[in-house]
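What Swiss-Prot records for MET50, GLY198 is substrate binding site, and it gives sequence analysis as the kind of evidence. What Swiss-Prot lists as ATP binding site is ARG125, THR171.
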Amino acid sequence: MQPDLHCRTLAAHTLKHFRALSPLTHCMTNDVVQTFTANTLLALGASPAMVIDPVEARPFAAIANALLVNVGTLTASRADAMRAAVESAYDAKTPWTLDPVAVGALEFRRRFCLDLLSLRPAAIRGNASEILALSGMALGGRGVDTTEAALAALPAAQALAHQIDCIVVVTREIDYVTNGQRTLSIPGGDPLMTRIVGTGCALSAVVAASCALPGAALDNVASACCWMKLAGQAAAERSEGPGSFIPAFLDALYHLDVEAANEEN
């Protein structure tokens, strides 16, 4: 099944709806990327909330528009809070997204993520090694860094999407977004995006927020990937290295005009 190139015109249309809705996105993410993730969502027009306590996470997940579960700094107590939030989101029909950080390298998080799959995530976003591990096709990887090309993990992503009935995103130089039947490719971005901490985790939050939009989930999630790629390209042109890239990236998200970028390319 060959992937189709995602349409930027659709990404522009989706961004207008995203900014109008400003989805309240409950981010249960890792300690390293909290601020960057929140700022990424704010710059694009969403409303982030970083609620992590088990007592608060369960009721909040039910009133949010979307939920992100990122296991980057997973602990036993945090796992309890995440499970409570996911169960609440599932009952409330709130779409939730899983970011299975380093799932192939560590057994505790692998078992936790596999257990959560029964609660039907709307989307899963990971690198090739993480998607291969979650699908059961391979274990390994070195933490958040992938040892596989995204294309190599595409069959695993398609099988996982079909099995769980969700959207699966495999990210690297080219992102692949699949629902198991149809697959979209999103090229772009810049190598500087891999030289700062948190762009993948922030993308997962944007993917989660996009799942709150009406319409086809596959197209909405692919649009989220497109926005981040375009902002990365624009930021790289205005920065001299990782230190100046971060503020340039947030500015690029804030000023993102997909239609103008489409005309330039």
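Each residue, glycine too, has its Cβ placed from N, Cα and C.
Neighbour density for MET50 (substrate binding site): within 10 A of its CB lie 14 other CB atoms from the protein chains shown. In the three-state DSSP reading, ARG125 (ATP binding site) counts as strand.
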